[in-house]
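Some features that TrEMBL has for this protein:
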- Asp74: active site (ACT_SITE)
- Cys77: active site, nucleophile (ACT_SITE)
- His287: active site (ACT_SITE)
- Glu262: site 'Linear diubiquitin binding' (SITE)
Amino acid sequence: EEDIYSDAEEIERKKILRCETTSSEHKLSVAPEMDILEYCRREWRGNTPVANKMRKGYEAVAQKFASIRRVRGDNYCALRATLFQALSQATQLPSWLQSEDLTMLSENLLSKYDWIKQWQLKEKLGRKMGKISDEIKEYLILLRKKWKTISEIKGPLEKQEACDKLFRNEEEEYRLYEALKFLMLNTAIKLYSDDKNGKRVPVFSWLLFARDTSSNPCQLMHNHLNHIGHSGGLEQVEMFLLAYTLQYTIQVYRLYKYNTDEFITLYPNDPEEDWPVVTLITEDDRHYNVPVSMCQETML
């Protein structure tokens, strides 16, 4: 993908840095901590207007966070960064993961909506796929098990070690993302149904289904959710859907929006007061990293 923001020297330096990072991290999904200003200096050395804006953006983030952890930049990036942050600070199992209906969710939805049979599962999970409802049920149970285990760890270092271990297990990690995607579909179906039945729905729901490519949940699945992790990542309106599904506020420092009202964006922008907060950093609304080590916010 062409880098339209950097000069030639900067582009070449970034290529070398990516090679060094890839070889040294051994497929770590979330890299070790690095001083956030040092990271900025390595990434943005040029004198282009965009580089200057990025440096100022990172300086602003550094007033609240000392370090950054680089997140692997595949098409699961937004899910990976959000789930990593949520698990890193988890102290209890969310109510929606405690529901007895969770394990029957895939079977129940498939009995109502035949088109869900066309759900695209992540390939290369190491074994042949069985019934799609059984696969998704397994992923949802895994998500609940991992969240419960990590939330019960009291010591912050031990909790972080458990998160790091999970995000080194590629097979389990991708199953968790597929579980999140399916939960997002379930949320979208509920919102669509509520709107059709005259119930109040959040504004982003109207935007979600106002797109030509997702005028209903079936289109949303075919044209968007099925592509996440394969050929595309989350679009902005889908960040709202993810936040609403997790019942977390996702706070994002959008560095290219520095010095505007959109520099710090909340998904959703009118969150419930008791929703926990996770914080991410993005330079372009495509790739997300996670800030750490300093007055981490857990509530707005």
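A Cβ is built for glycine as well, from the same backbone N, Cα and C atoms used for every other residue.
For Cys77 (active site, nucleophile), the number of other Cβ atoms no farther than 10 Å from its own Cβ, over all displayed protein chains, is 22. With His287 (active site) as the anchor, the candidate recorded positions are Asp74, Cys77, Glu262, and the one with the nearest CA is Cys77. Rounded to the nearest whole angstrom, the C-alpha distance between Asp74 (active site) and Glu262 (site 'Linear diubiquitin binding') is 25.
Comparing Glu262 (site 'Linear diubiquitin binding') with Cys77 (active site, nucleophile), their Cα atoms are 21 Å apart once rounded.
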